[in-house]
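According to Swiss-Prot, the protein has these features:
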- 48-55, 113-117, 165-168: GTP binding site (BINDING)
- 39-327: domain 'tr-type G' (DOMAIN)
- 1-30: transit peptide (TRANSIT)
Amino acid sequence: MWKWSVRRWAGARVNISKNRLSVINVGSRYLSTARSPLSKVRNIGIIAHIDAGKTTTTERMLYYAGISKHIGDVDTGDTITDFLEQERSRGITIQSAAISFPWRNTFAINLIDTPGHIDFTFEVIRALKVIDSCVVILDAVAGVEAQTEKVWKQSKSKPKICFINKMDRMGASFNHTVNDLINKFMRGTTTKPVLVNIPYYRKQPTSNDYVFQGVIDVVNGKRLTWNPENPDEIIVDELDGTSLEQCNRCRESMIETLTEYDEDLVQHFLEEAEGDYSKVSAQFLNASIRKLTMKNMIVPVLCGASFKNIGVQPLLDAIVNYLPSPIEAELPELNDKTVPMKYDPKVGCLVNNNKNLCIALAFKVITDPIRGKQIFIRIYSGTLNSGNTVYNSTTGEKFKLGKLLIPHAGTSQPVNILTAGQIGLLTGSTVENNISTGDTLITHSSKKDGLKSLNKKKELTLKINSIFIPPPVFGVSIEPRTLSNKKSMEEALNTLITEDPSLSISQNDETGQTVLNGMGELHLEIAKDRLVNDLKADVEFGQLMVSYKETINSETNIETYESDDGYRFSLSLLPNSDALPNCLAYPLGVNENFLIMEKNGNWDKEWKYQVSFESILNSIIASCIVGLQRGGKIANFPLYACSIKINSDWSVPPDIETPQEILKITRNLIFKALNDLKPEKYNLLEPIMNLDLTIPQSDVGTVLQDLTGARKAQILSIEDESSVSNSGASTCNSSENSNRIYIPSDAVTTIHATKDKKNTQETSSNVKKIIKAKVPLREITTYTNKLRSLSQGRGEFNIEYSDMEKVTNDRLQSILHDL
């Protein structure tokens with residue numbers, strides 16, 4: 001048996017020999033991640049369903065990495081990554097938190113812990129934009145849950161590791177959860193799970209119960225157990241008995257899976273290992289797992305119990321061993337597909353073959369009460385230096401950078417440079433009003449003021465494709481308590497939507513009402529709390545309401561403005577479905593609206609105006625957003641899925657100094673085009689939700705009657721709940737895969753056995769059905785109580801946004817009457 005302390009694996013090198021282990025201290029608590037070579041950097045996101053243990057796992061990672069001196073606890077509200085007051089009081093993650101920390105002395109992990117609640121989907125979307133890979137955390141009791149399915153789809157192209165958490169809980173099943181993983185994500189694909197470690201249960205001397213106490217390391221053939229009295233101690237044992245048998249079978253299954261895709265491993269297995277599974281080296285297995293994980297052919301699976309400090313260090317090892325570095329990940333998506341991109345092993349992503357071209361994406365803005373506005377950025381190419389002159393290719397503005405920081409959740413570490421692959425923070429007065437979420441920043445890697453050295457047409461016009469913002473589905477009216485509070489309310493709202501672009505503001509010109517729109521009830525509840533308690537807005541709120549939209553079903557007239565001093569603009573509005581599919585389009589906020597700019601004669605020539613094209617473009621975009629927010633003729637709801645087309649004959653005076661006049665001209669043209677459109681050319685749209693219901697079979701009839709009748713639902717499918725037996729080992733076979741994957745059986749305790757027997761006896765009368773449907777959001781805002789009544793409290797459901805659909809004539813008047 002070997003026993004050692006692992007309190008500071010990040011600042012220590014652990015050497016294992018046959019008879020001894022030595023720990024060599026190597027340094028500082030904040031080992032700078034800026035010093036790590038690109039090949040040793042990992043940009044990861046932690047994603048999962050709410051309450052699967054994302055933040056708990058992250059806190060253990062920070063403890064074992066040496067970042068924190070004690071283990072943060074969600075329940076007591078002292079976590080590092082959940083540092084907002086609302087997060088600590090509610091015990092949930094509300095916004096994504098970024099933190100950088102070292103591991104194993106040489107690796108740097110940039111981690112983003114994301115929310116699990118569906119209302120904060122945008123936080124996951126923008127995190128996925130800048131990470132290279134994911135750790136998916138699954139609840140061993142609940143299996144694959146609804147939000148896990150959603151984030152898995154959203155992160156489809158990202159390499160992943162799965163960590164099955166809460167293995168210490170009553171009802172936990174490694175077997176069921178792995179099978180659930182296969183059935184929901186891998187059936188019909190070529191992707192397979194590879195069990196890197198499996199649970200180890202120890203039988204209690206005073207009962208027949210088994211307690212989860214560690215993991216069996218399948219790659220190295222060892223048993224790891226954690227001392228419950230000392231979170232810093234891991235005990236390593238040789239395998240015997242059932243543990244050895246399970247490990248051998250898992251190792252054989254692992255090698256069979258890997259050799260299906262990896263010819264190098266096939267050759268090693270046949271020649272060097274002589275066809276003996278036990279002789280395949282751990283080094284070769286790790287290399288094969290890494291190679292195939294990065295190709296999305298396999299998903300390594302590990303397990304543990306983060307709250308009990310079990311399995312976290314092996315998970316950290318898997319992150320650095322199997323997930324890609326920035327020079328092995330996907331290349332960024334640029335607006336100009338003709339610009340060459342490749343990875344250089346020394347400098348990372350190389351754009352336009354220019355080592356001095358630095359490109360970064362601003363993916364998040366926060367307001368710190370002390371430091372002011374801070375912008376999270378991901379460096380994709382080149383080097384960003386403090387004090388550099390930066391060009392915002394999204395807005396056309398130039399400015400000088402202030403301080404650079406590396407984020408540590410609620411704190412940060414000052415640095416002088418940020419290199420390709422890093423996630424960092426920008427602060428200072430110069431960035432406050434010059435950067436928003438989704439902006440692309442460009443600078444020279446080695447010159448403080450080297451923008452003139454970059455190609456004006458090919459490099460300074462580059463943009464990383466914008467972050468998708470889903471449309472809001474709920475709204476709440478907001479007004480100042482007194483007229484003197486109006487300005488502070490507007491400033492607070494502006495701060496709020498700058499930090500969270502999935503919130504939006506709409507105004508009714510007729511009533512003067514201001515509406516704050518968001519992704520769900522909890523989303524708006526948090527926003528209201530922030531407005532009042534953090535931003536000190538003295539306001540009153542109305543009732544929660546569904547966010548309806550309007551759209552047009554035909555093109556407007558072309559409206560033209562021409563002046564003697566050189567301004568000329570012609571534009572029209574049309575439904576998105578009528579827009580040309582390959583035209584150059586710019587997104588307009590959160591409502592699926594677009595600006596189409598046709599090329600004019602000056603487009604490809606030397607730019608002759610004093611203001612940049614980006615400044616002109618952003619003024620037009622701002623006027624378009626205002627014009628579309630004014631709403632349609634049915635009920636003044638904001639317009640949705642519309643394109644504004646600016647004809648190619650547009651021009652501005654050569655001596656134009658500011659784009660303010662352009663904003664006014666285009667806004668008035670939009671108003672005129674919409675005013676001239678007949679009322680019957682407008683349609684009312686409502687949010688439609690995907691509804692997943694799990695109910696007893698005996699209640700299917702009454703629930704279906706309620707859905708199709710009172711709730712106007714469209715039933716998509718009715719299926720038996722997917723269930724997998726937990727008694728005994730199993731093999732699962734994806735329909736596209738020929739080899740079978742061994743999954744060890746779960747240890748059975750006395751309580752489990754009694755529960756299983758009871759469930760078996762009740763099966764005939766308690767079969768669960770899953771109903772999938774589409775239903776208008778308006779009809780299920782109070783569905784929780786209704787379903788509880790219909791199913792005697794045994795039903796549960798999840799909803800997520802599907803799309804906006806035209807309101808049918810038979811429901812239109814009812815909706816308008818209730819407004």
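Heads up, residue numbers simply count up from 1 along the chain you see.
A Cβ is built for glycine as well, from the same backbone N, Cα and C atoms used for every other residue.
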Site of maximum Cβ density within 10 Å, from binding-site residues ALA48, MET167:
ALA48
For the domain 'tr-type G' (39-327), report the average pLDDT of the model, please.
88
CB contacts for ASP51 (GTP binding site) [other CB atoms within 10 A, all chains]:
18
Using other CB atoms within 10 angstroms as the count, which residue among the binding-site residues LYS54, THR114 scores least?
THR114
I want to verify one value. Collapsing DSSP to three states, which class is ALA48 (GTP binding site)?
coil
